[in-house]
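*Asks:* Below you'll find the structure I mean.
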């Protein structure tokens with residue numbers, strides 16, 4: 001059952017327990033398996049990818065079957081409803097419109113003495129997007145990862161996603177990929193997919209950045225290949241924190257909590273409220289909705305282990321506790337969310353008001369739903385166009401400008417014991433003279 005505790009209880013310790021749920025010994029023990037997979041793929045390429053696809057996904061593939069064919073891509077459109085296709089297209093338009101507003105611009109500044117300083121943004125060459133399989137067809141994951149990469153101008157975007165029964169990829173995933181311009185899709189999942197994207201194989205290209213969520217094996221693999229390639233983040237199980245007052249609808253709050261819990265048995269769903277009646281009503285509503293929930297077993301586990309209702313003294317107190325937890329998703333289900341918002345410092349995405357459930361942001365509002373988890377919102381942000389861009393500094397000095405700073409550079413280089421640094425300036429000054 002969903003627990004109710006008061007702020008006077010050891011709330012911070014309980015929140016820390018939930019935040020640390022991916023750091024237990026059982027999870028860390030899996031790192032050895034992931035290291036083995038990474039090394040095998042690095043050494044053996046396609047052979048290892050095929051071996052682990054058989055072992056972990058129970059699908060026997062040949063190397064030539066790794067890439068989804070053009071005929072499979074075409075056939076996918078016949079297997080999705082017109083309603084779903086139109087929803088994908090609507091979401092694509094809105095996500096693209098938002099991300100196009102966030103493209104950073106290169107710039108240069110022309111200063112005194114013909115000094116030119118600036119910053120130049122360029123896209124990476126190749127992006128690898130991981131799309132989970134298994135529990136659902138993660139159409140939104142395709143959109144939220146591929147669209148920012150495309151807007152950034154990445155010339156080659158590839159998707160890796162695990163094969164299902166009979167080697168099939170969910171047609172909705174294939175349609176979503178094509179709608180956002182991705183035709184290169186590989187049927188490979190898990191740590192072996194991350195290894196293939198990081199190191200390259202005979203069939204799967206090595207990429208520059210890997211993005212997209214996955215299970216603990218995928219997350220550990222991304223952690224271990226970081227440095228060889230860039231990654232978006234180390235995504236843990238999903239989480240929502242709801243701050244609600246007496247005006248919130250308990251059935252709506254309960255549904256929002258279950259919407260998070262249904263993701264994964266380790267997902268977290270937390271409510272902070274000033275109203276004891278709301279707390280009790282939400283507790284009852286959660287139990288009622290669980291009775292015939294299609295994902296009852298996993299959802300019930302998440303609620304039992306990582307679900308929590310905390311009675312707080314004030315909305316200010318709720319905001320401060322929220323900042324310590326730094327949730328992936330934060331819902332402000334209060335009468336005046338704009339009054340609470342200034343007190344929020346750490347959250348991946350913030351949903352304002354009674355009519356803005358997290359699902360709006362998950363699917364089509366526009367902002368990215370790939371967000372920092374497990375407290376990482378204290379220092380990290382959502383996936384964005386900049387995930388797929390690099391920036392280079394632009395510097396040009398005239399001889400006049402160099403002459404003016406030569407003494408300072410000489411002093412700094414000498415202090416650091418780097419004589420050739422100093423000489424690289426002094427010889428240009430001598431040459432000018």
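Using the three backbone atoms N, Cα and C, a Cβ is placed for every residue, glycine included.
In case it's useful when we look at the structure, here is the feature table from Swiss-Prot:
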ACT_SITE  328  active site, proton acceptor
ACT_SITE  329  active site, proton acceptor
BINDING   130, 192, 215  NAD(+) binding site
BINDING   238, 260, 263, 329, 362, 416, 421  substrate binding site
BINDING   260, 263, 362, 421  Zn(2+) binding site
*Asks:* Compute the mean position of the Cβ atoms of 130, 192, 215, which form the recorded NAD(+) site, and then list in sequence order the other residues of that chain whose Cβ is within 8 Å of it.
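*Replies:* Along the chain, the qualifying residues are 132, 160, 162, 189, 190, 191, 193, 194, 214, 217, 218, 221.
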*Asks:* Go through 362, 416, the listed binding-site residues, and name the one with the sparsest Cβ surroundings, counting other Cβ atoms within 10 Å.
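*Replies:* Checked 362, 416; of these binding-site residues, fewest Cβ neighbours within 10 Å: 416.
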*Asks:* Between residue 260 (substrate binding site) and residue 329 (active site, proton acceptor), what C-alpha distance do you get in Å?
*Replies:* 9
*Asks:* Who sits close to residue 130 (NAD(+) binding site): which same-chain residues at least 6 apart have their Cβ under 8 Å from its Cβ?
*Replies:* 159, 160, 161, 189, 193, 194, 197, 210, 211, 212, 213, 214, 218
*Asks:* What count of other C-beta atoms do you get within 10 angstroms of the C-beta of residue 215 (NAD(+) binding site), across all chains shown?
*Replies:* 19
*Asks:* Out of 263, 329, 421, give me whichever of these recorded positions has the highest number of other Cβ atoms within 10 Å.
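*Replies:* Counting every other Cβ within 10 Å of each candidate, the maximum falls on 329.
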*Asks:* Indicate the candidate from 192, 238, 260 with the smallest number of other Cβ atoms within 10 Å of its Cβ, considering only these binding-site residues.
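*Replies:* Ranked by other Cβ atoms within 10 Å, the binding-site residues 192, 238, 260 bottom out at 238.
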*Asks:* For residue 328 (active site, proton acceptor), list the number of other Cβ atoms lying within 10 Å of its Cβ atom.
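*Replies:* So the number of other Cβ atoms within 10 Å of residue 328 (active site, proton acceptor) is 29.
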*Asks:* Using a 10 Å cut-off between Cα atoms, which of these binding-site residues sit near residue 329 (active site, proton acceptor): 192, 215, 238, 263, 416, 421?
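*Replies:* If one measures from the Cα of residue 329 (active site, proton acceptor), the binding-site residues that come within 10 Å are 238.
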*Asks:* Looking at the binding-site residues 238, 263, 362, which has the shortest Cα distance to residue 328 (active site, proton acceptor)?
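*Replies:* If we rank 238, 263, 362 by Cα distance to residue 328 (active site, proton acceptor), first place goes to 238.
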*Asks:* Would you identify the secondary structure of residue 215 (NAD(+) binding site) according to DSSP, in three states?
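*Replies:* DSSP call for residue 215 (NAD(+) binding site): coil, neither helix nor strand.
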*Asks:* Look up residue 260 (substrate binding site) in the DSSP assignment and reduce it to helix, strand or coil.
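*Replies:* In the DSSP reduction, residue 260 (substrate binding site) maps to helix.
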